[in-house]
Amino acid sequence: MSGFGDGYVGTAQDAVKIRRLEKQREAERRKIEELKNKSSDGQPGLLQFGSSTSEILETAFKKETVGLVTREQYVEKRVNIRTKIEEEEKEKLQKLQQEEEELQMQKRKKRRVRGDPRLSFCDEIENGSDEDEFENQEPQKKHGPVKLGKDPTVETSFLPDREREAEEQAERERLKKQWSREQELIKNEPLTITYSYWDGTGHRRVIQVRKGDSIGEFLRAVQQQLAPEFREVRTTSVENLLYVKEDLIIPHQHSFYELIINKARGKSGPLFHFDVHEDVRTIADATKEKDESHAGKVVERHWYEKNKHIFPASRWEIYDPTKKWERYTIHGD
């Protein structure tokens, strides 16, 4: 063993070490192939996810939003669903980046293994030289500034982000405008109302207005419809006509749209149904609340003042949007 000739192959221990290194290289090669396969399988899925974000957003929003909702609820649900989907996309991207970093680390290890010498005692020589270099470089590192990198796995969605906040604000404004357009379409929809002109007896009629019309506008149309037949309606003003729905006197400034969107409740039935129907469920099950809708009454104010102590006028009271009626009644106060 006087030199390092090309024909020298080492001792039996060296041969064992060489075989062990070859096995390690083979095992690492298999791991790298597995990481490559995982990376290639994950990428198309991410692209596919990103391409269908708008479809997923619309589907999730339709499931969350049923019937009429207020503007604030509409905007809040839309933004919450969009934020949730964006966070899921970000998590998928971070996971893919982490797998890519692990793959690059395995490649660096593989290059270092390929550079190892075949002779065992060369390890000691190189290790010694590495230690000397490390000792020489260590004082220099202490004097230089320490640079810290970013950890891609850390959650940062809670941190302030001007660009993201600007995008969210723009999305809110867009949704508000969209909501306003949709509500205008609803207000212009026709609404058929069954009512009864009440002068002690009922005279039932049907009239059509818009959902956005106020009670005052509705009573003006009623006056025009009843004027040819009833002299007292023809000679009075719209301000002296009252609209009584489910034993509540609805003030002129309220609109049908307001009653519908808030699903307002009266003393004897819902205020957002303007047809007439009976609830057949109560025949089979008396424990269920009736959902019957009764024809609203149009009354001349002078008649009401003269008969408000007599049933049914004795049950009537002014509608208050803040007052909640927990159950429907047709008798008593």
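Glycine is no exception: its Cβ is also placed from the backbone N, Cα and C atoms.
These come from Swiss-Prot:
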- 12-43: coiled coil (COILED)
- 70-116: coiled coil (COILED)
- 89-171: region 'Disordered' (REGION)
- 89-98: compositional bias 'Basic and acidic residues' (COMPBIAS)
- 123-136: compositional bias 'Acidic residues' (COMPBIAS)
- 160-171: compositional bias 'Basic and acidic residues' (COMPBIAS)
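Residue counts for the compositional bias 'Basic and acidic residues' (160-171) under DSSP, helix first, then strand, then coil, are 10 helix, 0 strand, 2 coil. With a threshold of 8 Å between CB atoms, the same-chain residues lying at least 6 positions outside the compositional bias 'Basic and acidic residues' (160-171) that come near it are 78-79, 82-83.
Note: the compositional bias 'Basic and acidic residues' (89-98) comprises 10 helix, 0 strand, 0 coil (DSSP; helix = H, G, I, strand = E, B). Across the coiled coil (12-43), the prediction's mean pLDDT works out to 76.
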